[in-house]
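Taking it in order: structure first as structure tokens, then the write-up.
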Amino acid sequence: MVPWVSAILLGALSSRVWANSQGPGVDWLGINGGYKANYNDSLGRLWYHSETPYSTYTWGGYVGSKPRDWYRANWIAGDDNETLGKHTCRNWPLEYDQDYDALLHHYSREAGWPNQTFRVNLQAPDAPVSYYTVKYLFCETKDRGGKKWDILINGKKVKEDYVGKWAHHHTDIYHFMCVPTNAGMIEISLVAKDTNKPQARFSTLEFEKSAEGCGECGERSCGKGLCSASTFYDQSFDGGWGARWTSLMANQFDMEVPESKVACACDEGVEGESCEAGICAAVECNEPFGGSCNENTGACSCINGYKGDHCEVAPKLDKFGCYDEHLQVSDRMTVSTVCLPELIAGPVRHGHIFRGPSPMSAVSDKVRPDTVYFSWTADVKYGKAGANGTEGRVYVSKLKIPRGQAPTLEKSHVFDGFVRAGGIDMTEDGVVGALCIKYWHPWVEHTNSHLDKAAMIVAVCEVNSTSMEEHRLPWQIGKQYQETVTAPNTGIWGSFPLSAWWAQRSAGYGYLLYAPSQRMWTAWYGATVDHHTGYAMHTYHRDAPGISDSEYAKYKYPVPRDLVEPRVEANGEWRDHHRTGTGDHQKSAAWCYHPILKDIGLYKHTYGAAKMQQYGLAEEPNYTKPAGAFKYVGHSGGMRLEYPPPAYEYGYGDEDQDKALQANAIRPCGEDWILGFPSTQGNVCAKVTRLGEITEWKVIEPSIGCMPCGSNGGCCGDGAKGRMVRIAPLGAPEHEARCGPDARFLYGFEKQDRTRWLVELDGDCNEVTDRMDVTAHTHWPLYQDWTTTTDGAVVWVTTWLPDEVGEHGPKGSPNGVWPYSSKPEHPEEEYMYGLTPRAVNGAKVTVYYPSPLVSVSTTTTTMVSTTTTTTTSVVSSTSTTSTTSTTTTTTTTTTTTTMRPASTTAKPVSGFQPASGGTGQACRGAHGNDNNPNYYTAITAAVPSEEACKYACMAEPLCSGIEYSLGRCEVWTRPGGIRATMPLQGFSCYRFEPPGAEAFQPVDGGAGRACRGATPGDNSDSYMTVLVINSLFECKAACLNDPACKGLEFSAGRCEVWTRQAGIQASAEVPGFTCLALPFNTSGFELVEGEGKACRGESPTDNSPAYYEVIPDQGQSLEACMQTCVLHPGCKGIEYSLGRCEVWTRAGGIAATWPLPGFTCMRYAPPPPPAALLSAQPGKKPSRKQRFLGPSFVQTRSAAAKEAPQAELSLESLEGSEELEL
């Protein structure tokens, strides 16, 4: 029997059978309702407080909406001196005598959601079932009673219409016995029944391991329900408030006689004494943790990551209870959950101004279209006086995002000793830099202002994007805090503060940009000057030298150089004393780098309209200096974003003039800029020329959401807007700076009703698509921007907690008002900053694609059948300019086909090669754990033989191999083929590829890609030979048989053998196509005198620039540099170091080297041409006979796949097949 079925049936069978087979669950667990902290009672038992959110890695906690506490010591008017213990309910358990005040004078009550649910982890999920007595106690101390609620255990209704009592009349006590664990857990829910002021309350909950009551069910059958024996003390008394004297009586527990009951407890929608009535009575949906049954249709709706017709397939959870999830919410947008190695920290103190976790800023790879990097902060305590800068962990993570598929976390690098992450960017040669913030106690204890304004260390943490290893020691970018100036870049002007509200409200934890033309890093963050709020900007060359020892000696509170390296800041016109630290009351900030202007564009808001500037990195003679309204560089330069522009001749503006209220988003657009921001009239898209002229100003949506300053969504006192406008290039990488009517941008905004919307705009701010309401699916936080991949997809990374009650959106949607909890600040405790309540480790990745995604369904083929049944996936979307409704239904497509070999005794087909020996091996993709279901089609009916599985492969044009086990056949179509196996008895794995095919590499994922030359639009006919071929097997063989082949493109009936000299360097998205490349032949290279050498001419000092050419944009890797050499006329070798490629063309070649760590020197001698070319006649092209197996071969193999296997098929047996001369 399937394990999950066994576990479910176990709870439905007679408890008497299992009374003597207790599992390993904990002996006792208690929850103290309404108590603010854990409590140790007089019996030595630990009671957990009821405000703990549920997690899989702790004891448990509440599920859904957070309940409220209730405590009232003195309810008698005017009796303010009454002691806590004087007012009591008339009865309570004897073991509560010494703990009454702590256990029954408080209770947990309903909050915004009128229900309460608690889930406890009592044992491992796969452990044998344990049985418990679940105890429910409630003593009302406030209200008049009369409200009703149901009590459910593991989704079964064990008490219907419980009625609350008058204050202090009675402690109601219920013992529900013989309750089995479900996947190691027990869940109890209190479900309010009244519509007017509903209630659902408890004082204590206990879970005591016991088989008591298990024998009382006898032979009673409860279907899929629960047979439960219960005892209870539940009495009502007359008198109302007049009976308050009962609160002064002694304990009357011994005077009461409990009642008892044995009954079946049923799921919602199921009725009858044996839980036999209702459409769901016979439908098991793995309630309550895996799913629920629809009372109208009887279909299961799965939750919590469970899948399957009966929600029987559990998600793979990590130690924090996280599971990977992927949802296609529209034809262009996906939202996925990726599990990180640690819990994600919340922002410090001010969760509402971040509207998300501690920032998780992202940047796209400069070359790889499927790669994004993001930084984030692990949730740990910090702020201990003697920690010496070692606290905290900041991560930089590498994310793979194949088009339309689930993202995967490829690798992460952790920087110890940093407590916050800020902005992120990437250099042209693949170094990812992230702002990382360090807590340094000497700066905090010597602060010259309030604690929240104490200074922190701002640094840049760098990783190599290929290896994801640390690039070098983190280096400081900003001021060295001390009360007085003793050296350059010291003092109090421009401190990065601990938790100053206004400073962090302006720019979060700071922004970081890299200028590739100048090879400079620039940081911008909200800062303080004593008790004033402002900002600071600092710019450093990427290879800036460290400061001198004499300067370092002048630092008053120096940070050890082995923790953070202090470096020399760059100087230029952009740097004035205001920008490096001033108190201008900055309220918002946005910026980006312009690849054409070679400068940073920025705008910021203090008072009045936001002000736009050009930073000033573009300096003559190399670049064009800022001009027009931007010609004055520095703090005071720039232009106000007002439209129409003010009437300068009169000195005042028009009453109808619109003003930018905040800086939210900015992007390059041709030589100009395109901006998104809230204005006095709505959410605006604007265009500003490089001279500062406003050419477009369009209100996309007049309704604007305000910044919430409370969990109820109330606006902040100053009425500031919500900072939710975003704009990013769509369909093209940002460095192309596309603009005009053919360009596309994704624009996001929030309305006053808290709904979140996306719409596509052209480069002139015109809407070109219907708007999409994404409130139910995604959220973007403040102070981190969207990023655009090189193939034009827009990506952002964050996380959120769901809106359980639907207060600000659909129930269960991302809580956009208070998405994440903040880290508490406790200045008097050992650690100033504690752990984030309800922290999670699931990162939410949203991807918006520039073109529609192909709907992907799971196809299962059943052998030897004569019927075909298909259940299709339905995604409906209705859009207007004002409202959009998106509905997504996820289903499984099942296809049944007839595939019956005429003879099961025929010899197996040829062309198959055993993978790792074949027998006892299961197929895998790139490595032993790579087993994505998208790699294959599963045939799950009784497959008659391994040979039949091979014929199924030959019938699939894209087949690259099979995995066979008894009754199951997997036909593999992974573009990269089967490259690994996993030992597994009863399985066999075979590759179906011609010899040498393992050299092929998928281009941009391979599947759904058409090959291109240098760019996605480069598709000359001269690059390829087009052949009529019906399978990928033959297409690979044709390429491998051509000495000039650099790769192939395959689609049904068509094979392109690519012979372009520079090979396949790009691809375009085309459904149904496959693009594979062959790596360059680098056999002509040899190291010169080993590693760590720089190339030289005749002697180690002979290094004339005339000997080599520095090749731009080829420093990403050694392989790219080698390929450049192969294609470069006269290349004699290369010198490579990270970010730099020298192609040597010296006539005498490379004759010497110079020792230099990190450098590689290689000679190059082109390998001799293949023998086939040497034997060819001069002036005559190689015969097509060497390159193309003609139609008769294709037809023969196709027929072999469709007909009975009468004879063995192989390339060798077809040597006499027709060959074509073209």
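Any Cβ shown, glycine's included, is placed from N, Cα and C.
The shown structure was predicted, so the numbers you read here are calculated from the model rather than taken from an experiment.
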Tell me which of Cys293, Cys311 TrEMBL records as disulfide-bonded to Cys302. Cys311
Matching 695-718, 983-1006, 1199-1222 to TrEMBL annotations, region 'Disordered' lands on 1199-1222
If you count Cβ atoms within 10 Å of each one, which of the disulfide-bonded residues Cys302, Cys311 comes out on top? Cys311
Give, as a single whole number between 0 and 100, the mean pLDDT over the domain 'EGF-like' (276-312). 92
Determine how many residues of the domain 'EGF-like' (276-312) DSSP places in helix, in strand and in coil. 0 helix, 8 strand, 29 coil
